[in-house]
Amino acid sequence: MRYRASALGSDGVRVTMESALTARDRVGVQDFVLLENFTSEAAFIENLRRRFRENLIYTYIGPVLVSVNPYRDLQIYSRQHMERYRGVSFYEVPPHLFAVADTVYRALRTERRDQAVMISGESGAGKTEATKRLLQFYAETCPAPERGGAVRDRLLQSNPVLEAFGNAKTLRNDNSSRFGKYMDVQFDFKGAPVGGHILSYLLEKSRVVHQNHGERNFHIFYQLLEGGEEETLRRLGLERNPQSYLYLVKGQCAKVSSINDKSDWKVVRKALTVIDFTEDEVEDLLSIVASVLHLGNIHFAADEESNAQVTTENQLKYLTRLLSVEGSTLREALTHRKIIAKGEELLSPLNLEQAAYARDALAKAVYSRTFTWLVGKINRSLASKDAESPSWRSTTVLGLLDIYGFEVFQHNSFEQFCINYCNEKLQQLFIELTLKSEQEEYEAEGIAWEPVQYFNNKIICDLVEEKFKGIISILDEECLRPGEATDLTFLEKLEDTVKHHPHFLTHKLADQRTRKSLGRGEFRLLHYAGEVTYSVTGFLDKNNDLLFRNLKETMCSSKNPIMSQCFDRSELSDKKRPETVATQFKMSLLQLVEILQSKEPAYVRCIKPNDAKQPGRFDEVLIRHQVKYLGLMENLRVRRAGFAYRRKYEAFLQREWEWQPWADHCCSPRTKIFIRFPKTLFATEDALEVRRQSLATKIQAAWRGFHWRQKFLRVKRSAICIQSWWRGTLGRRKAAKRKWAAQTIRRLIRGFILRHAPRCPENAFFLDHVRTSFLLNLRRQLPRNVLDTSWPTPPPALREASELLRELCIKNMVWKYCRSISPEWKQQLHQKAVASEIFKGKKDNYPQSVPRLFISTRLGTDEISPRVLQALGSEPIQYAVPVVKYDRKGYKPRSRQLLLTPNAVVIVEDAKVKQRIDYANLTGISVSSLSDSLFVLHVQRADNKQKGDVVLQSDHVIETLTKTALSAHCVNNININQGSITFAGGPGRDGTIDFTPGSELLITKAKNGHLAVVAPRLNSR
């Protein structure tokens, strides 16, 4: 959400909480205490919904932070956000986890009192992520310790390791913490982190051997198989497929799309190095992890006496090597139980069910004790190295409690009983500390304290933990008593001992209607958060958590350094029965309560909006369930028992509120103002909002008037200054220009007078001016093309230079023109030049051919017979034109085709080559000077192959003869005759063509036997 511009006080502190009240209808209120209908659960959830819809996942209940998991990255944890919340009062910025972190840290530094942040909520609500963000905030914003950032790195890197060994994928959360964690971070007097310590609670070790459908075992198993190096897996006897291991397939969910086990393994491997694990320790640790997987693959078969025997020898060999124990001893411990009776040791063989129980018990014991050792190892890495120095006494501690929330499932067993007991104790502590904090604040401000009515869940805590009469004491007694003790005998004893307790109910004690919802092996407790029904099945086994003596002896003999620390030999000589799981948990919980009571608490309540882990989805039923189990309504009711709103006078007066009309609803103690009802605060804020508009208008009007007048005066002064400078500049430029003009005119006049004298200083300027003027004029009047003969008249002094320039200009234009013509056009010009050389001034119809382009051929390939083309073979046809041939005897005209090849002139009739005249035998070509189109090809008389000269007529006579002359290289052998042409008509016989001018073209045979040609005379010649 983008909050409105916040007011700034005299000390520059922003006041934004009240500013957001004007948008409360859309985004709700930032503090549930300001809800008018604070007793309504529906109003509480609706406020959550509004804020969740606007991606506002944090809301306060007084000092308590309520966080809703958005299931996506909102980009609100950057370094910029950290800086925004550093050193700012709690209510001066929007609700955020960093606001809690900074408030706790400043209290730790200024008051020198230990602090604790208690984070609780259901699995998947974001508790682990909140813990990470808190550690990230302190790592980024706290000053670095003198010995570097090693402690900060170890604090941050301890999380991936603990998550790998203590977290698993469940139906509700892909990274669910399966243990409770309390971490102490130690700060020196400078506020730098110098050490840390971690306490773990109730690891869910039953997950090692069994997972519900859709769930996984602890992350470390899958990370090792997916990311481990090939050499490491080979040494551990493992293969990458998780389906090969019984302990990993029961949930049928080895692969999860949202989890990248391979990359997580790299993170864990790096983290182990950061927290001081040696390579040998890493190998020993991985050997234990692998041994648990191999234990799950140990199978048994019954012999003839129904006794269990190990059938998987290969797995047993791996276990022997990885755990560094004797193979025969381990085999015997898995199939026999050692009993000490009257000082004598007896070995009792186990049946298949007992052997499987022993195997699973060993796997759980090995893993849980290794986890405890791992926490101890991390604590040794986090321990301050300066504990002996005097400054160590000045350190303060900040605790982070990441604990499981209240759990209610379809089937609730021993684990849920312990978890809900833990939540009862923490709720009791929470209410007590909240009331204590409220009472201290009221007394400090001089306000009379009125006792607050609330549900005191001490009665439920006593029901669970009271000596001799509590459920834990009865459970321990049933586990320890001789005889056949079962889960049902435990339930019967419970019914006899606590049957009159108002918060306890069983099938036997219930009325007829309630019995329908209670099984015979179940009991029901009325917790502060509601009723929970527990099944007693497995209570005794899980509470005893027994490991057969010979299994203990086997593990105590292990040469694996970690196993030898986890299984101490002193256990074997200790005759005292170990404490039960419930008792151990109760004692550690009491110790945790003492730790928390010694610190100033802060609270983060985490809520998950839906079970599908989808962003933007708000499941009201699920959230109502969590609001109830987290005790948020109870917390709100306690907080609202007195005054809903309290603020220091300084922050209050910064907003200049007119609060006198509601004085009856306010209280003015020593340092703060207290307002009882939220509607008073809202009415005040709304009135201020209305008043602010008119105030803002007046302030803006005054400021704009002042601002623009000042700006006008600045602009006016600037304009006057610029104008003065510019006028002076213009005057100086004009004076300089006049002076230059006068000097130039004098020089030109003096040079003009002496223009005919030899060059001297007096006329040099004028002569240069004349030359420059001519050259500039010439540049503008240069000839445009080769045919343009114009040229400016030069002055006398430049005549020689002008001629040289003109010659160069013409050469340049010619060169450019020649460069620009194409090869085809060049050939056309060449032919035209030859035609001009031959016919210009000699033949009447030549001028008509000049403007017409010569064509490469007058006949296409498709107009020439294929047989002719075949007869020519590879000879290309350079030119083809239709002609008329006149017979040598009767001068009868016949249509023919004239073809020019590289070697000869070919006369073609349809598909037949009539005559071929090689260029070597072509002695000349005759044509008249008139406008007719006849011509004669003369051949050698000695060539017997030729019948005589050829008389032809072509409509394109100039083009045809030019191309023939060029192809035959006989340009000089073209004869242009006037009057008549004599040609060889055959052996010993000559023919004559007579040419006479006339009005129109006429070709006939004359009476004298000659060919008479009458051609019109053209005036163009």
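Just so it is clear, glycine is given a Cβ too, placed from its N, Cα and C backbone atoms.
Quick look at what TrEMBL lists:
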type	residues	note
DOMAIN	28-655	domain 'Myosin motor'
BINDING	Gly121, Glu122, Ser123, Gly124, Ala125, Gly126, Lys127, Thr128	ATP binding site
REGION	589-611	region 'Actin-binding'
DOMAIN	843-1017	domain 'TH1'
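Overlay of TrEMBL annotations on the structure.
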| residue | record | Cβ contacts under 8 Å, 6 or more apart |
| --- | --- | --- |
| Gly121 | ATP binding site | Ser67, Lys127, Gly405, Arg605, Cys606, Ile607, Lys608, Gln626, Leu630 |
| Glu122 | ATP binding site | Arg172, Gly405, Phe406, Glu407, Cys606, Ile607, Lys608, Gln626, Tyr629 |
| Ser123 | ATP binding site | Thr170, Arg172, Asn173, Ser176, Ser177, Tyr404, Gly405, Glu407 |
| Gly124 | ATP binding site | Asn69, Thr170, Arg172, Asn173, Ser176, Lys608, Asp611, Lys613 |
| Ala125 | ATP binding site | Ser67, Asn69, Gly405, Cys606, Ile607, Lys608, Gln626 |
| Gly126 | ATP binding site | Ser67, Asn69, Cys606, Lys608 |
| Thr128 | ATP binding site | Asn159, Glu163, Asn167, Asn175, Ser177, Asp402 |
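The record gives Gly121, Glu122, Ser123, Gly124, Ala125, Gly126, Lys127, Thr128 for ATP. Within 8 Å of the mean position of their Cβ atoms, the other Cβ atoms in that chain belong to Asn69, Asn173, Ser176, Gly405, Cys606, Lys608. As a whole-number mean, the pLDDT of the domain 'Myosin motor' (28-655) in this prediction is 86.
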